[in-house]
Amino acid sequence: MELAVVVPTFNERGNVPLLVEQLEAALQGVAWEVVFVDDDSPDGTAEAARELARRDPRVRVIQRIGRRGLSTACIEGMCATAAPVVAVIDGDLQHDEALLPRMLRALQEDAALDVVVGSRFVAGGGTGEWDRDRVAKSAFATRLSRRVLRADLKDPMSGFFAIRTEIVRRLAPELSGIGFKILLDLMTASRRPLRFVELPYTFRTRAVGESKLDHVVAMEYLIALWDRMVGRIVPARFALFCLIGLIGVVPHMAVLALMHAGLGVGFRTAQIAATGVAMTANFFLNNALTYRDARLKGARALFGGWVSFCLACSVGAVANVGVADFLHGVRAGAWVVPALAGIAVSAVWNYALSSRFVWGRY
Ligand SMILES: Nc1nc2c(ncn2[C@@H]2O[C@H](COP(=O)(O)OP(=O)(O)O)[C@@H](O)[C@H]2O)c(=O)[nH]1
Ligand SMILES: [Mg+2]
């Protein structure tokens with residue numbers, strides 16, 4: 001086995017047989033296998049791949065249940081092969097599989113080389129039929145990542161590359177797995193700068209299926225950058241949880257203003273209603289963003305999650321008052337520090353409890 005091709009897929013049923021055909025044509029004379037890593041696509045992508053795998057043992061499938069995420073899919077696929085070199089390629093035929101043999105050869109011929117990147121931004125490469133908007137966004141993200149990376153990689157956002165499998169295995173414990181830019185994750189995780197070359201290719205337009213990354217791209221990207229820069233001190237997930245908690249102040253104050261100031265409802269009743277609305281808003285925002293990879297779906301799961309979230313937050317509120325009250329008693333007259341300490345304690349508490357009991361993460 002010389003080469004494993006890892007293909008992350010989500011709803012790519014129509015593309016799977018086409019890609020295997022293209023790999024077959026491109027990799028004549030190479031000993032290869034392809035590993036599809038599918039996040040339980042509703043369109044039956046995994047089954048389509050298994051159908052091929054029954055006839056062709058070079059085709060393998062990992063079907064992940066209850067998980068989403070392009071980066072973690074790539075990591076798991078790369079760690080699941082015995083091949084010495086592994087390439088990652090999109091399942092939607094937008095990358096140029098004809099480059100694979102040259103990527104493999106480059107790594108085989110030069111033992112000092114670690115990574116070969118399929119690049120849209122070196123001479124001979126291109127972004128195909130992208131509109132101006134997408135080109136501009138991509139250029140901005142590319143500049144930002146090059147700053148984080150501190151290497152002269154022209155296309156650090158590339159999702160198409162080949163790397164020595166042992167390097168991936170060595171770096172795997174350090175990878176953040178957040179977002180979609182696995183190459184950037186690998187290159188920034190390595191203490192020793194990885195040696196790379198870039199080979200040009202032109203990004204193709206998608207013929208079958210639709211892009212999943214358009215909507216979440218910007219947020220995932222910022223989270224990944226945060227994680228690389230300060231993630232060791234403040235985990236990205238906790239930061240997002242706190243940010244959403246802060247955002248909860250807006251619906252809280254709006255309901256309070258409407259009910260108490262506007263409609264003349266008693267303060268305590270209005271405050272209780274406002275807290276309920278804020279908790280509900282926080283629950284849905286956290287479900288959509290902070291825990292997007294373990295998102296609760298369906299009326300029952302959502303209702304159960306909402307109840308446990310409210311319970312967790314109520315305990316947090318008691319802890320908040322307890323801590324603040326205690327500190328207030330320690331130094332008579334002090335109220336700012338005790339209040340902030342109470343908020344900090346309840347934030348950590350709510351986060352720990354809800355991630356364990358609402359979204360089932362350990
Ligand atoms: N396993 C897995 N694959 C994904 C996920 N999101 C996207 N993909 C796959 O990653 C590749 C690139 O995604 P795509 O939506 O085409 O991104 P775009 O080319 O930037 O628009 C495709 O093969 C997708 O099927 C995911 O959450 N899990
Ligand atoms: Mg695509």
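These residue numbers are counts, starting from 1, taken along the chain as shown.
Glycine is treated like the rest: Cβ placed from N, Cα and C.
Remember, predicted model here, so these are calculated numbers, not experimental data.
If you check TrEMBL, you get these features:
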- 5-170: domain 'Glycosyltransferase 2-like' (DOMAIN)
- 241-359: domain 'GtrA/DPMS transmembrane' (DOMAIN)
- 238-263: transmembrane segment (TRANSMEM)
- 269-289: transmembrane segment (TRANSMEM)
- 301-323: transmembrane segment (TRANSMEM)
- 335-353: transmembrane segment (TRANSMEM)
Exercise. Count the residues of the domain 'GtrA/DPMS transmembrane' (241-359) that DSSP assigns to helix (H, G, I), to strand (E, B) and to coil, and report the three numbers in that order.
Key: 102 helix, 0 strand, 17 coil
Practice problem: Kindly state the mean pLDDT of the domain 'Glycosyltransferase 2-like' (5-170) in the predicted structure. | Solution: 93
